[in-house]
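Take a look at the structure below.
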Amino acid sequence: MKIPACGVDARAKREFVRLLASAIQTHDLSTVIALLSHCKEADNIVIVNFVNKDGDNLLHFAAETGTPAIVQALIVFGFDIDAKNRKAETPRHKANVGTIDGNKIIYVLHAVGAQRCPPETAGCHHGCKHGENYTGIEPEEQPHMEELRKILDQMLHDSGMKKMADPGNCKRIKGGRLLCLDGGGIRGLVLVQMLLEIESVLRKPVMHCFDWIAGTSTGGILGLGLAAGKSLRECQALYFRIKENAFVGLRPYDSECLEKELKECLGANTVMADIEKPKIMITGALADRKPMDLHLFRNYEAPSAILKLPESSKFKPTLSPREQLLWKAARATSAAPSYFPEFGRFLDGGLIANNPTLHAMKEINEYNLALKASNREKEVIPLSLVVSLGTGIMPTKPYTLNENFEENSDNFLPDKKFARFLVGFWNIVKRISKRIRALAMLLIDQVTASNGHVVDCARTWCSMIGVPYYRFSPHLSTEVALDAKSDDILVNMMWTTKAFMHANRDVVQELATIIGRDSSLEFDEIPIQAGQGLLIRKSVAVFTSTSSTSQSRSIQRQTVSNSTGNTVRSNNNENTDWSNSTRSRMPQKGSAPKRPRLTGYENSGIEGHTKNKCPSSGPN
């Protein structure tokens with residue numbers, strides 16, 4: 001479908017919201033996703049805060065008339081789950097408990113932290129009433145974690161990280177904070193959702209809280225996008241555009257559309273050296289040698305370069321940070337075999353390091369050793385914190401190599417009749433083919449493993465050197481393919497991630513406490529709602545300045561905020577219904593922001609936002 005531009009004037013925004021409300025009313029999930037994912041970030045914030053004459057936002061409307069999947073979609077795109085209308089009613093209060101979908105919606109809201117109504121609220125049902133314990137109808141398939149694994153994880157956590165986050169622990173850290181992002185194709189949306197939740201607790205841009213970022217495949221694309229100045233909401237929109245434009249036709253997919261999206265998001269001419277902070281390492285697999293070798297795309301001097309060690313003369317040298325284009329690094333790390341063609345001599349970094357944590361820790365150690373050996377000890381900053389984010393843990397299921405291979409074995413024996421012989425021979429070939437394919441799938445799962453023993457090794461290493469280690473990766477109820485396109489599957493995956501982070505909010509708060517002890521942080525807290533993304537953030541403008549003698553590229557960061565530094569909402573009274581034209585409550589130009597009359601609403605400080613280059617308001 002052709003996505004209309006949200007527009008810069010109030011009329012265009014009202015029309016956009018009317019289309020969105022119509023899609024909610026007709027239970028058209030694909031249109032809801034298309035509209036929300038093609039909004040510019042500033043427009044998205046406006047849409048999230050639109051209300052009608054009764055003070056209902058679109059989540060109120062969806063809770064009353066929509067489906068559980070549409071409510072999930074609005075939640076993961078940042079709508080306030082506890083917003084109150086003029087009668088102080090929340091979306092949870094508006095859910096229709098007289099229907100099965102309404103009871104499922106109660107659970108969808110409850111699982112991500114939607115509050116019950118206060119005692120004085122009238123007209124409550126058992127799903128929202130204060131003091132009740134009904135939480136709605138749970139999904140049939142629930143994520144499952146083995147009890148033994150859960151106990152071991154809790155023991156390891158209690159022995160280390162909990163002590164670091166203890167209020168009585170005044171130990172300060174300075175730098176050395178590492179963020180690792182796993183590979184996983186479209187499941188990079190899981191990474192975005194977890195970072196949104198972490199960012200809401202940190203109350204700081206997540207990029208300002210880490211000194212090193214390591215990423216593989218989809219995690220590499222996300223890491224580069226954030227380092228290039230894109231917000232988490234912009235990266236979320238990028239994934240949906242890749243899903244629609246790049247996952248087209250038969251595998252392996254044509255890489256032209258993927259490369260176009262990467263160029264538009266990261267810049268066609270931006271190089272790794274343009275990013276000063278944080279230090280970035282993106283994994284790639286060098287496939288021009290046997291065995292394949294791991295390559296790190298860096299924006300800093302490699303340890304071998306610090307030590308002035310010569311590169312092997314057997315192979316073509318890799319590009320330096322001043323020569324390596326960002327979009328090409330992103331394309332190389334995501335060149336997954338059978339999904340996209342190889343990129344020159346590079347294949348997907350997930351073939352060697354789908355979870356890049358161990359390789360990143362090794363790199364940081366070697367980097368510090370190289371600095372010491374070069375008499376640059378003042379630049380050495382030891383590792384102080386490791387945060388590892390996965391793209392979801394798939395449900396474990398029984399598996400056998402001999403499944404369906406032994407049935408009707410008599411049919412596989414050659415008969416005197418030639419036709420029967422051919423049928424038997426063909427069945428034998430199919431049996432062998434199935435067995436080889438099954439073995440190949442097991443080998444691929446082990447080679448690209450990002451959970452299990454890989455996580456155990458990283459956690460143990462951190463425990464041995466006294467460094468806090470945090471691993472977040474939600475258990476998913478269904479298997480999600482690397483190139484999944486179903487909006488139902490993706491929205492449920494994102495909602496499951498948000499529910500997972502809500503269930504682990506105490507651990508996230510521990511992490512925020514440890515990061516808050518970093519004396520190198522220079523950023524003040526900023527207003528932010530859980531899961532909605534930063535309302536005030538550092539914007540990055542990539543530009544190239546040219547002179548007769550030199551050409552330099554740099555990335556500048558500039559803080560942008562509204563006049564008060566707070567989120568604001570104006571109080572225009574519009575007699576509007578969702579079924580007709582819906583109106584925005586936007587601050588008028590030149591007028592001071594007014595204080596909200598009702599609790600539960602926070603306008604987004606529209607005037608405090610910069611215009612960003614990516615994404616566009618319509619499909620490419």
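Quick reminder: no glycine exception, Cβ is built from N, Cα and C everywhere.
Looking up the ranges 51-56, 129-134, 183-188 in TrEMBL, the one annotated as motif 'GXGXXG' turns out to be 183-188. The feature motif 'GXSXG', as given by TrEMBL for the ranges 90-94, 215-219, 615-619, sits at 215-219. The Cβ of Ser217 (active site, nucleophile) has 34 other Cβ atoms within 10 Å, all protein chains considered. Computed over the repeat 'ANK' (54-86), the whole-number mean pLDDT of the model equals 93.
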